[in-house]
Amino acid sequence: MIPMMTLKRVCRVLLFITQMYVLSGRGFLSFEYSEPVAQPLKDHFPSSTIATSTKATATKIPDYMEKCPSNGQCSRLPSDCMTCATNYSCIYGKPVTFNCTAKNGVVCFDVNSQPQEYFTISMTCQFCWQLPPSDYVCNLSSSCKTVSCPRQRYNTTCTVLDHAHCLGNRTFPKMLYCNWTGGYKWSTALALSITLGGFGADRFYLGQWREGLGKLFSFGGLGIWTLIDVFLISVGYVGPADGSLYI
């Protein structure tokens, strides 16, 4: 009986030692193999970030390249594609010549189709805001009244066209007369005033619905209001309600 109990105790001790050995071995293996796997992942992210950043920097194209023709004549390049040694000592209104170079990345040629680095351009000595209106475009306003006395002006920003050369900033402020149209025709308004003016059709067409209702319910002011409107529309005194000009 005693040997049997002793044998059971020995078996329990051996089983306990075996379990401890297995557990300690698994923990060692888990610690041993998990660290090398984490290390390469840790080292991988910085290199990927650097490669992506380098690639984005290398493929970035300057904004002016969109306006620059490829393999064109240097002297005909847009102003944004060249750098010129301008000066303000020239005589206003007189022809002047400046030395220029194409900007970085712009490839151009001379009249003989040979690559050219330095070239000259001829222009009139004047600042950009002194150019004729055909050489720049401005932001138009539709919030001002064209029919007013005195005639309204508004402040806007103008930009010189690519083919025009000038001194100073190519974007400048300017004050312009209010000049826009909403699509109303003077001939249509006059025809409606003559034919259907007694029903207020001319005023409704111009967007003046209050006056149109007044003419409609008074039968054109018994003809007097109709005659007055024909005269006012014919001379341009009565215009669209939105303040625009006739077409």
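Glycine residues also receive a Cβ, built from the backbone N, Cα and C atoms like all the rest.
Note that this is a predicted model, so its numbers are computed, not measured.
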Which listed span Swiss-Prot calls transmembrane segment, if the choices are 75-95, 96-116, 180-200: 180-200
Long-range neighbours of the topological domain 'Cytoplasmic' (201-215), counting only residues six or more past its ends (CB under 8 A): 184, 188-190, 192-193, 195, 221, 225-226, 229, 233, 238-242
Same-chain residue ranges lying at least 6 outside the topological domain 'Extracellular' (237-247) that approach it to Cβ under 8 Å: 142, 144-148, 178-186, 189, 206-208, 229
Average pLDDT across the topological domain 'Extracellular' (237-247), rounded to a whole number: 82
